[in-house]
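Heads up, the thing below is written out as structure tokens.
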Amino acid sequence: MISYLASIFLLATVSAVPSGRVEVVFPSVETSRSGVKTVKFTALDQNVELKLRSAGEILGKHFAIQDVDVESLRRKIYRDSVNGAALLIDEDGPLTIEGIVNSKLRIQPFESGRIIKDGMIAHQIVEVIDDKKSYDRVAVIHENVKRNAENVSRMAEENDCIVVEYYIVTDSAFTKRFKSNSALTNYVTVMFTGVQNLMDTLELGIGVRLLGVTAFNEETEPSFIKDNLIPGPPEAFEPDVLITAMSQYYCNHQTGLAKDTDLIFLITARGMGDPREDGTVDINTAGIANSAGVCKPCLKAGIATDDSNYNERVDTLAHESVHLLGSPHDGEGPDQVSVEGSPGAANCPAKAGYIMGNRKDPNKYKFSPCTKKCVEYLLSKPTAFCIFEQCSDF
């Protein structure tokens, strides 16, 4: 048994909220012989042109969730990594588009009246802007007993692909925001298509795969959620307590997707933060994850909050994922990573504005060179065995 102490480190980030600026548009869509879709429209002072490629590989071969037509969903997923677009394009009937256009714009069918022009349904463009500061936390594990790397069953081979597999669980507060499992799955799929776009900025060829989603309700929520809920108001969690409980829960319940996956993420619509003496909670934390926890059954957990309707936490999920892949915050040294010999990120100041820093233009949707080096280092270690797969297997 490995015993450890977890140190919690915080970094200020910003969240995004709808600005109130919206516009109704009729996008044009053209499909080339190669299958690339070009979407064009003008809205909110932006001339948008996207070159979208199929991204159905985001869903694993055996993606699992109840009451969802997975193959139909797979055909609808498109992305433009250059512009950060992650969209569901439905051509069964009048064409509809929903999802992330770029860092500032979201698109969805305009349901009020179902206006149709030249066979195209009207769409609503919503602008999101950076808002109040929140915090990210990472649990750095100081192990008292070193792991034996010789016990790793499979090492990476030259022709392997790097594929990070995710199992997503949602708490009842997040689940009840959606009318159906299908609507929830659409939202989560767009979210992780956006994560793939951000992972591409590492230039390490890392693929993102969703193995499945379990949408908990009030009756089915596991003990690590129920037992650690602070009643508030509002209902909330203490992040370091929750990540410890979640990690222990899945350490003791290594079955099915929880066993097979590389990372397990809880998405919650409840807040996270520090309890006050009066019983309320200072909501200040967007996400938390275990440092370098990938492939470790008892440490491969991460948590992200999302109480929006417009997929504004894609960057949080990418940020927490990279903590799990061995990167600290920019500006932090190797002592903030649970990987012996890690180069750390002290040479990349947080003020440079990358995803693992304080997120400012022009770098706020990219990872720093230090983050890349840290992830590369973890990928070189035997303990990262689980994310290497034969390319024909996915």
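Each residue, glycine too, has its Cβ placed from N, Cα and C.
Note that this is a predicted model, so its numbers are computed, not measured.
According to Swiss-Prot, the active site annotation covers Glu320, on the basis of sequence analysis. Glu320 (active site) has a Cβ environment of 27 other Cβ atoms inside 10 Å.
Counted within 10 Å of its Cβ, the other Cβ atoms near His323 (Zn(2+) binding site) come to 31, all protein chains included. Taken from Swiss-Prot, the feature Zn(2+) binding site covers His319, His323, His329, and the record attributes it to sequence analysis.
Here Swiss-Prot flags Cys295-Cys386 as disulfide bond. Remark: Cys295 (disulfide bond) has Asp262, Thr383, Ala384, Phe385, Cys386, Ile387 as non-local neighbours, by Cβ distance under 8 Å and separation of at least 6 in sequence.
Mean pLDDT, taken over the domain 'Peptidase M12B' (162-390), works out to 96 on the 0 to 100 scale. Taken from Swiss-Prot, the feature domain 'Peptidase M12B' applies to 162-390.
Among the features that Swiss-Prot reports, N-linked glycosylation site is placed at Asn151, with the record citing sequence analysis.
What Swiss-Prot lists as signal peptide is 1-16, and the listing cites sequence analysis.
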Cβ packing number for His329 (Zn(2+) binding site), 10 Å threshold:
27
Among all the protein chains here, how many other CB atoms are within 10 A of the CB of Cys386 (disulfide bond)?
21
Can you tell me the three-state DSSP label for Glu320 (active site)?
helix
Could you find out if DSSP has Cys386 (disulfide bond) as helix, strand or coil?
helix
